[in-house]
């Protein structure tokens with residue numbers, strides 16, 4: 001018999017039902033479970049797939065550059081970034097009638113095009129790209145890197161080039177190389193690019209391959225570096241009247257500490273950012289020499305962890321045994337990496353709008369909204385993934401003997417206390433926040449808005465004041481003109497910071513009130529509940545009160561019958577599954593809050609948010625309903641407009657989302673009967689019954705149906721909100 005899919009599992013390949021296909025797809029990337037897998041092959045497969053991942057990323061980014069160069073309007077946009085709409089790529093659609101062609105022909109294009117809301121134009125402009133030729137060059141370079149990555153992935157699977165397991169488990173060397181090489185050297189290289197190409201570009205001087213050896217980035221050259229007069233590099237910065245991309249009002253400084261924003265572009269000063277990257281490079285180059293390898297300098301991580309025994313013995317054996325536990329568990333390492341990456345991605349969302357790094361991006365409101373929402377959603381998925389792999393670690397890799405009485409074992413020992421505290425915090429936040437919202441709703445419904453319970457966020461306002469925001473009148477630290485910090489700030493460090501924080505034209509430290517207080521606690525409820533479900537799922541992965549022996553059942557078991565009191569919904573997978581709904585729910589509140597507050601800020605009617613956000617009906621009516629009006633007007637006598645595609649996507653997103661419930665709220669027997677009936681009808685229908693299949697059709701398993709339902713729910717939810725966000729923002733601000 002010919003080899004059938006999946007080749008990696010002979011047991012599955014011989015399954016006579018359609019289960020073979022679905023289980024094959026589900027376990028394709030679970031290398032650990034494949035036939036004949038060895039530890040060595042496992043590490044090598046993962047290593048090779050990393051190169052494949054890099055190849056895909058480089059190909060994708062190359063495509064972005066290529067399509068903008070080919071079909072975009074980058075050169076026109078560079079001439080007038082605030083009024084020309086950046087084009088992502090052309091739309092080729094033979095079904096377009098004349099009204100559609102007219103609706104989507106914009107940005108100075110000759111035919112229908114898509115507008116770019118990704119911020120790439122602003123990014124490329126800031127780092128010194130100016131012409132389509134520059135974009136093509138970049139696209140070709142990335143294509144080359146993509147090919148190199150593919151070759152490297154293939155090469156490291158060949159017998160002669162296969163790394164050994166000991167190479168993969170050499171944690172010190174890997175950390176040193178990643179810290180110094182990946183972060184240190186690349187940050188230094190980026191500083192070099194900013195100083196040699198981007199900063200001259202922002203001052204109207206084009207530096208390319210043909211002249212970069214002739215153009216001095218600073219009039220003093222390397223002199224100040226070698227004579228220790230580093231302050232010369234900070235003297236004569238760009239003035240506040242500097243026109244970005246021209247020499248008008250420009251200075252000669254390359255590494256500054258100005259603080260605040262460039263008045264024209266509303267983005268951070270390029271010279272501040274170069275300085276920042278140089279500092280990061282310096283720190284990481286040192287950090288990359290921290291761990292002991294064959295050079296005999298630095299620390300051994302194992303020694304560090306073994307020595308880390310808490311004083312007084314109240315926390316057991318501290319970190320003993322952790323080195324081998326982490327170093328031998330890919331899931332533990334992946335969990336740590338995902339947790340870090342998730343937090344960083346969320347921080348990127350927060351900082352991209354409050355401290356915009358790219359020229360003119362702060363005035364492109366739709367792009368700001370899209371980037372914030374995009375990064376928050378990505379962060380949510382990555383963070384839930386961290387806990388999923390933490391749970392798999394406990395099931396597959398955790399060895400109680402190796403970790404006796406250390407911090408990991410003690411987490412498991414008092415997991416009831418951890419889970420109950422999280423549960424209490426979630427209940428407290430939920431009931432109090434909902435209670436306030438509902439009370440306020442009732443007061444408005446009865447026509448007595450003055451009876452609302454409105455709480456000023458005084459602690460948060462005090463923190464904002466301490467950082468220099470004067471409007472609350474707290475007169476403390478940086479907002480007090482008498483404090484030494486305030487006076488030092490005027491001259492020594494970041495003189496532009498205090499101006500920026502008190503200007504109302506940016507998103508730094510927005511003024512907050514009772515509406516913010518309430519939604520902040522709603523978001524806190526979502527975060528704590530999501531965390532509760534994820535933490536409980538991981539800590540109970542090996543066993544819980546009801547089912548003390550989950551280890552051999554694995555990560556994703558469905559129900560183990562009524563024998564143990566009914567074991568439905570208690571696998572680690574079920575916890576992950578439930579947590580994703582809460583994660584999406586929480587990010588919904590986060591993005592609604594961000595978007596509504598910013599829409600009112602940009603439109604200059606902040607009072608709408610302040611007055612309507614204190615009760616639920618306000619959110620439903622003045623944010624969701626009011627802003628979706630353009631998406632739900634259906635067909636009208638005016639024909640098509642450029643928001644029509646978003647209206648369609650809004651509808652389609654709802655459809656996909658609702659389809660999720662078909663899989664989430666139904667029992668397996670129902671599907672099996674439906675399938676049997678359809679198969680019966682097929683076999684008895686002339687012509688149709690000429691088509692036969694080898695596998696007996698069976699319904700999805702409980703876990704699979706939940707996964708399919710969750711996927712539709714998530715994708716539909718995100719599609720719906722993406723269409724709403726982009727249409728409601730671009731419809732108002734063009």
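Glycine is no exception: its Cβ is also placed from the backbone N, Cα and C atoms.
According to Swiss-Prot, the protein carries these features:
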| type | residues | note |
| --- | --- | --- |
| BINDING | 559, 568 | [4Fe-4S] cluster binding site |
| BINDING | 654 | chlorophyll a B1 binding site |
| BINDING | 662, 670 | chlorophyll a B3 binding site |
| BINDING | 671 | phylloquinone binding site |
| TRANSMEM | 46-69 | transmembrane segment |
| TRANSMEM | 135-158 | transmembrane segment |
| TRANSMEM | 175-199 | transmembrane segment |
| TRANSMEM | 273-291 | transmembrane segment |
| TRANSMEM | 330-353 | transmembrane segment |
| TRANSMEM | 369-395 | transmembrane segment |
| TRANSMEM | 417-439 | transmembrane segment |
| TRANSMEM | 517-535 | transmembrane segment |
| TRANSMEM | 575-596 | transmembrane segment |
| TRANSMEM | 643-665 | transmembrane segment |
| TRANSMEM | 707-727 | transmembrane segment |
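When the binding-site residues 654, 662, 670 are compared by Cα distance to residue 559 ([4Fe-4S] cluster binding site), the shortest distance belongs to 670. Highlighted: of the candidate stretches 46-69, 273-291, 575-596, 575-596 has the greatest count of Cβ pairs under 8 Å to the transmembrane segment (369-395). Counting only same-chain residues 6+ beyond the ends of the transmembrane segment (707-727), those with a CB under 8 A from a CB of the stretch are 26, 117, 366, 369-370, 373, 377, 577, 580-581, 584, 588, 591, 595, 627-628, 630-631, 643, 646-647, 649-650, 652-664, 700. Each residue contributes its Cα atom, and for the residue listed as 'chlorophyll a B1 binding site' and residue 662 (chlorophyll a B3 binding site) those atoms are 13 Å apart.
The binding-site residues listed here are 670, 671; among them, 671 has the most other Cβ atoms within 10 Å of its own Cβ.
Reduced to three states, the DSSP call for residue 559 ([4Fe-4S] cluster binding site) is coil. In this structure the C-alpha atoms belonging to residue 568 ([4Fe-4S] cluster binding site) and residue 670 (chlorophyll a B3 binding site) are separated by 18 Å.
Shown in sequence order, 709 are the residues of the chain, 6+ apart in sequence, with a C-beta less than 8 angstroms from the C-beta of residue 662 (chlorophyll a B3 binding site).
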